[in-house]
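If you check TrEMBL, you get these features:
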- A:MET9, A:GLY10, A:LEU11, A:GLY12, A:THR13, A:VAL14, A:GLY15, A:GLY16: NADP(+) binding site (BINDING)
- A:LYS105: NADPH binding site (BINDING)
- A:GLU190: L-homoserine binding site (BINDING)
- A:LYS205: active site, proton donor (ACT_SITE)
- A:355-435: domain 'ACT' (DOMAIN)
2 protein chains.
Amino acid sequence: MQAVKIGLMGLGTVGGGTATVLIRNCEEIARRVGRKLEVVHAAARDIADQTILDGSKVKLSEDAASVVNDPDVDIVVELIGGYSPAKELVLQAIENGKHVVTANKALIAMHGTEIFKAAEAKGVIVAYEAAVAGGIPIIKAIREGLAGNKIEWLAGIINGTGNFILTEMRDKGRDFDDVLKEAQALGYAEADPTFDVEGIDAAHKLTILASLSFGIPLQFDKTFTEGISKITREDVNFAEELGYRIKHLGIARKTDKGIEMRVHPTLIPEKRLIANVDGVMNAVLVKADAVGSTLYYGAGAGAEPTASAVVADLVDVARAMDSDVNDRVAMLGFQPASLQDTAVVSADDFETSYYVRMLADDRPGVLADVTRIFADNDISIEAVIQKEPDEGQTRACLIMMTSLIVEKNMSKALSKIEALDSIEGDVVKIRLEHLS
Amino acid sequence: MQAVKIGLMGLGTVGGGTATVLIRNCEEIARRVGRKLEVVHAAARDIADQTILDGSKVKLSEDAASVVNDPDVDIVVELIGGYSPAKELVLQAIENGKHVVTANKALIAMHGTEIFKAAEAKGVIVAYEAAVAGGIPIIKAIREGLAGNKIEWLAGIINGTGNFILTEMRDKGRDFDDVLKEAQALGYAEADPTFDVEGIDAAHKLTILASLSFGIPLQFDKTFTEGISKITREDVNFAEELGYRIKHLGIARKTDKGIEMRVHPTLIPEKRLIANVDGVMNAVLVKADAVGSTLYYGAGAGAEPTASAVVADLVDVARAMDSDVNDRVAMLGFQPASLQDTAVVSADDFETSYYVRMLADDRPGVLADVTRIFADNDISIEAVIQKEPDEGQTRACLIMMTSLIVEKNMSKALSKIEALDSIEGDVVKIRLEHLS
């Protein structure tokens, strides 16, 4: 069979990794697919900077549009990242009748609906396994491996930088700011770490996972996002003491009220496998009605792990490109006509357990006042720990864990508790999930 | 699009689960696939025993051959198990031009070569995701998700019964025989538990995983198999003390000498995620050149978890049945013409680390004798622990861990050590893998 001709846009970390893997594993891939995957054209901002394709017959351009417009190219791989010009280039590739593989989560989460619609109109495929959890084949697992299931919920560690920071805080008792600086020095976190530590990157990925799991349109704007920058060493330690770990999770859940999509720091029982996913590694735990819980673990970023997902997509597209469009895996997992506009639950109506910590006067009656307010708001307390005041202090640290509650009740209760004279400052609250 | 018509052979645990899932999730599946998967014919040994399909329009037979020969059936699902008549029925289905989905690991491991050849000749698909690790989409992950990689090794907990027994021995300090009896009472282990505890079931699955990973023919007869029935509570405890867990692993590894395929009890560092996979759960850890380590975890058996994999296969087959055979995923992951008859390494040439335990006279010079014998056989000792003799005893318990060694050297050394007057009885040896 004829080789499949690939055009690469971007030869940075992931683009370079993709070229490397395609060249190094060329024979192995052809043994699997029955045909070769051949890079015929590649674009980089400065082609003098790249050395990977030196000596090859690959055409090199500094203008990405020339890849998109190259009549020789069957599949365009977009590894530029960001919204623009990635979006315009992808749409032009589709317009030119080319299939697209991309690792761009921001692009899919924000503009996926428009891009998939254009691709459907042209009968081409847009594949994006590398956009979520790097090398873990999680999109394939949900879209195909669990196709017989109703998915109930999923919870994922889908940002390696955030997980690295939380792991270091726990293992070495370090502070957030200190670890963040190291993560930046190591190249894990960008100079502007907002996307990672404030959960925006994770929210992009969660938006995609929620659509794949529940057959709903992509709705990044409705994904609730809370970062980890306010997590303190103190809370990490208390959590540990109580048998929990704090992880920055993306959670999507189908409830009677609709779909919850949320990214936030979360206490999870240390016995759960996902609680032991440390460092820059990613993992996604999926609960589905037939199979129960399955977990997928691996590297969520990096040149070759991400390339692994890009190449898997190229193999899939190579197989499906000549097939009837009705026989292809739907781009969003569900047939476009079968997407349902299920309500997205607002944060007020989330149902979750809570860990709360407050500084309280160390005298009789304070605990009774606090627990009374919780009870008045339908909040059951599962555990209370009181830490004696430090030497010379008069305020004790009060830690409570609640059972499953509706979030607006928590907000009401906390504003009343914070108004008590016996409570100092804000109450720290972190959501808690049992993941069982 | 027209419904895909399914014939089910077997309505036992997995067959009943499959019918249940197909009926319950009928709409959800059709939303994904764009067409319905419809059971039109089912066979069970005693149809009066089944109630799942009561009231449905499904044709029921007591003769499985009538499903295979039903002109209405597009895909035959074989959930009878065992070699015969499963093999004859599957071959007849293929001969009749029908696609086949099976959960039968013994059948694929032993007769897969013949079955795939017949299917290729007829242009039909044989899918078997449910044959390995139940509901975990591990075959899809290796065959498609990691298609861009050279796989280096994999290690899997692929028998739930064995893992349940080892977990109980560790958690509750129980003996092997005691837990086995409970597993039988709980229905995890068969009345004849040989397939589970002696590793034969795991070896069937490992045989399949090795072929998928390395593009070699199925060679069950060359898979080394050692069971867990000789593992004692004592060794489980010593392992724990040293920071290791004992798991019954299936390991496939590509080495300079060829492919190692082995199933045996293994010490693994407790920090590894797979060391924390407990009870009846399964997990497979795969090390590949581009993606690094990925892990897949879930239920390895049970009605609906296995059904989840069967239905995923049905969805894949429904999509691929009308496609060009060259565009299908190769049944063994690699194109039939690309399978390589790579040498399979014999047990003598395995390279692994070892945990050994012996009873030795508690007097000077014994340790020197033992370590001298190891050194003479090119075996480096990484750690030694000596346990003082129990009250009134004269023999101490000596535990050693070796670095990576060639297995025949270990056998030579141990026969010399066992011949020493200062050593009592046989030396216990358990392989140790770092899995990094």
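Even glycines carry a Cβ here, placed using N, Cα and C.
What you are looking at is a predicted structure, and each value in this text was computed from that prediction instead of being measured.
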Looking only at the recorded positions A:LYS105, A:GLU190, A:LYS205, A:VAL14 (NADP(+) binding site) has its closest CA neighbour at A:LYS105
Here the recorded positions are A:LYS105, A:GLU190, A:LYS205, and the Cα closest to that of A:THR13 (NADP(+) binding site) is found at A:GLU190
Not counting A:MET9, A:GLY10, A:LEU11, A:GLY12, A:THR13, A:VAL14, A:GLY15, A:GLY16, residues with a CB within 8 A of the CB centroid of the NADP(+) site are A:LEU8, A:GLY17, A:THR18, A:ALA19, A:ALA44, A:LEU79, A:ILE80
In chain order, residues whose C-beta lies under 8 angstroms from the C-beta of A:GLY16 (NADP(+) binding site), counting only those at least six residues away in the same chain, are A:GLN50, A:ILE52, A:ALA303
The DSSP breakdown of the domain 'ACT' (A:355-435) into helix, strand and coil residues is 23 helix, 34 strand, 24 coil
In chain order, residues whose C-beta lies under 8 angstroms from the C-beta of A:GLY10 (NADP(+) binding site), counting only those at least six residues away in the same chain, are A:ALA43, A:ALA44, A:ALA64, A:VAL77, A:GLU78, A:LEU79, A:ILE80, A:GLY81
By Cα geometry, the one of the binding-site residues (A:LEU11, A:GLY12, A:GLY15, A:LYS105, A:GLU190) nearest the residue listed as 'active site, proton donor' is A:LYS105
Across all protein chains shown, the binding-site residues A:GLY12, A:GLY15 give the max Cβ-within-10 Å count at A:GLY15
A:GLY15 (NADP(+) binding site) to the residue listed as 'NADPH binding site', Cα to Cα, whole Å, comes out at 15
The mean pLDDT across the domain 'ACT' (A:355-435) is 94
